[in-house]
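Enquirer: Sequence annotations record features per position, and here TrEMBL assigns domain 'PAS' to 10-55, 136-191. Sequence annotations record features per position, and here TrEMBL assigns domain 'PAC' to 83-135, 210-262. The domain 'GGDEF' feature in TrEMBL is assigned to 456-588. What TrEMBL records for 597-851 is domain 'EAL'.
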């Protein structure tokens with residue numbers, strides 16, 4: 001066998017393999033088909049006989065076969081050069097076939113062209129798929145270009161095949177710059193790790209999506225935080241065909257999260273407002289080193305107050321401190337005034353900075369952009385400013401940074417405001433704005449410690465308003481609150497620099513004079529009492545307030561505020577005992593008096609519980625007939641230890657400790673019981689009078705209770721008269737007048753006790769359903785030798801007659817007083833001239849004697 005035989009066998013084997021795997025056709029130099037294998041016949045749909053009748057040009061699109069391009073193509077082959085490429089041809093039935101083919105010229109031994117052999121593969125399906133993909137991408141582009149998010153499509157290998165217009169705005173790239181580029185060569189993800197794109201590709205090959213948040217560096221090296229989402233697009237065999245990547249800019253939210261986390265953490269640690277604002281400025285300058293941050297607060301007087309500017313000298317902040325905001329006060333003062341951002345690109349020439357550029361320019365500051373910090377009501381409570389060292393304005397990144405920072409500044413300022421409000425509620429009286437007990441004691445202890453170091457004296461004044469409860473009960477709590485506010489303001493106006501004033505509770509105020517001598521204290525107290533007693537309008541009524549003041553001295557009366565306060569309180573009670581509108585310095589004897597008062601209060605409570613109080617009775621006489629008009633019940637108290645306690649002592653005590661209502665209820669029950677007992681004994685007592693406090697008339701059940709008491713003792717309403725004081729005239733509580741009308745409507749008499757000593761006026765009297773006025777004994781006592789008193793008693797009887805009321809003269813002690821009263825027209829009187837108040841048994845004897853005398 002020759003050497004050529006194996007070579008020919010190998011060539012034949014190769015031709016056989018090619019014949020099986022590829023479409024092969026041979027053309028003569030003139031283009032006529034010489035031969036075609038089975039694959040070629042199948043692709044184009046010709047039989048062997050049919051194809052031999054075809055020429056090369058008949059397989060081409062008709063327009064192409066007649067074109068200059070086709071002529072050049074065939075001439076190239078005739079010249080002996082081969083050609084490869086993608087070719088569009090037409091099958092027997094007219095459908096388009098795409099071939100990836102190579103044309104190979106074959107020459108004989110002389111070099112003459114024998115034929116042209118074409119080896120081809122049918123890629124029609126691939127070309128159609130690619131066409132569909134292009135159409136898909138085009139349809140995607142129509143919607144994706146309108147999207148705000150960046151959308152990128154890659155092929156299965158990660159090369160970019162499409163990017164929308166948002167790419168330019170976000171990263172600075174033009175979409176065409178990326179086409180064909182691998183993603184890892186386009187985008188830099190500095191925090192993601194070198195294998196991030198491998199991880200993404202692995203997920204996509206498995207048919208899974210990939211999601212993460214990454215920092216991506218754009219074309220111009222600007223860092224952006226993005227939400228990255230990569231989703232696979234699979235073909236019919238579920239193999240990766242394309243990938244769609246969506247990038248969303250989350251830089252603002254990410255910066256907000258990071259900065260907000262640090263700021264809120266600082267707030268949670270109770271960092272001061274200054275520290276929080278410094279943190280915001282430093283973090284902002286770290287994120288954007290090209291800016292200088294500054295935060296100013298706008299105070300209640302609309303003046304600027306520096307909070308933080310760590311990169312500016314202290315002298316600059318001091319120069320801004322206290323500047324009032326206005327229409328031409330630099331960037332910050334103007335922004336606060338307008339409540340709108342103000343951008344000054346050139347401080348040197350802008351008129352807003354004409355008066356302030358000398359502060360900024362030497363520091364190298366050339367531009368300033370200031371944004372107001374909004375409060376809860378939308379008003380500017382501060383400003384956040386960016387200074388630049390060149391003439392410029394903010395970019396989008398700066399705008400997002402400022403938006404986030406002003407939000408945090410607003411939170412910090414609102415938190416500080418809330419903290420101050422909480423402190424105000426915790427340490428200041430909400431009604432008067434004065435320090436409350438807690439703050440007062442703390443401030444006082446500091447003052448005492450300082451006085452001890454300096455060897456100085458202090459004075460503690462315990463101030464209690466006189467008759468405040470009467471005003472509160474009569475005019476109502478809002479009126480009482482208004483009066484307290486007036487008193488607080490008067491006290492505040494008189495305080496010196498080191499003095500302290502506070503409200504303890506109710507109508508109790510405390511003043512600490514720091515420092516102060518006894519002489520200075522006396523002068524100050526006299527001035528205070530004069531000031532406090534000036535008339536004021538409250539709830540439409542002119543009041544003349546007064547106060548009783550107790551004084552203790554440091555160090556003579558104590559070395560701590562609690563002790564000094566207690567002893568000033570004791571001195572205040574002594575001042576009240578001296579006649580109200582007085583002041584008293586503490587003395588050691590007051591401790592004993594205070595202990596006695598506490599013991600007396602305890603004993604009074606026990607006496608009411610055990611019903612050991614008694615009633616004495618004083619007759620009221622008809623001056624014309626000399627017969628009994630009625631009897632007044634008067635409370636008396638004899639205690640085993642204290643002896644006979646005067647009503648002038650225990651009745652005010654009952655008012656102060658809240659027992660007066662219980663005392664009135666007991667007196668009502670006991671007097672009705674006694675009247676019923678006298679009548680069962682055959683004694684003719686026309687009626688009985690009982691004193692009730694205004695507090696009793698606040699009880700909505702009073703009418704029912706009185707009716708039940710009368711029924712229990714078989715008494716009629718006309719048998720009872722209730723005596724009330726003039727303070728009830730000022731009582732604006734609707735329940736008081738309603739209860740008075742209800743009581744009177746039952747037929748129970750109402751009498752105005754101590755008439756002429758309080759708030760009486762004809763206007764007030766006409767409001768009340770009164771049957772009787774009682775002329776106070778002070779007028780009766782002076783009428784014999786005082787023309788004014790005589791004129792007053794005459795006026796009172798005329799008032800009673802005009803209002804069709806009985807007038808009872810109290811405190812008649814002499815026959816001359818009786819005669820004067822009778823001459824003026826008085827019909828009823830009571831007093832020692834007729835009888836002193838008597839115990840029940842003594843009253844019974846008096847009644848029997850009087851009956852015997854009259855008969």
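Numbering starts at 1 and runs along the chain as displayed.
In case you wondered, yes, glycine gets a Cβ from its N, Cα and C as well.
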Enquirer: Quick one: find which recorded stretch in 10-55, 210-262, 597-851 has the most Cβ pairs under 8 Å with the domain 'GGDEF' (456-588).
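Expert: The listed stretch sharing the most Cβ pairs with the domain 'GGDEF' (456-588) is 597-851.
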Enquirer: Over the domain 'EAL' (597-851), work out the mean pLDDT and round it to an integer.
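Expert: Summing pLDDT over the domain 'EAL' (597-851) and dividing by its length gives 89.
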Enquirer: Within the domain 'PAS' (10-55), count helix residues (DSSP H, G, I), strand residues (E, B) and coil residues, in that order.
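Expert: Reading the DSSP string over the domain 'PAS' (10-55) gives 23 helix, 11 strand, 12 coil.
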Enquirer: Please list the DSSP helix, strand and coil residue counts for the domain 'GGDEF' (456-588).
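Expert: Its residues fall into 57 helix, 37 strand, 39 coil.
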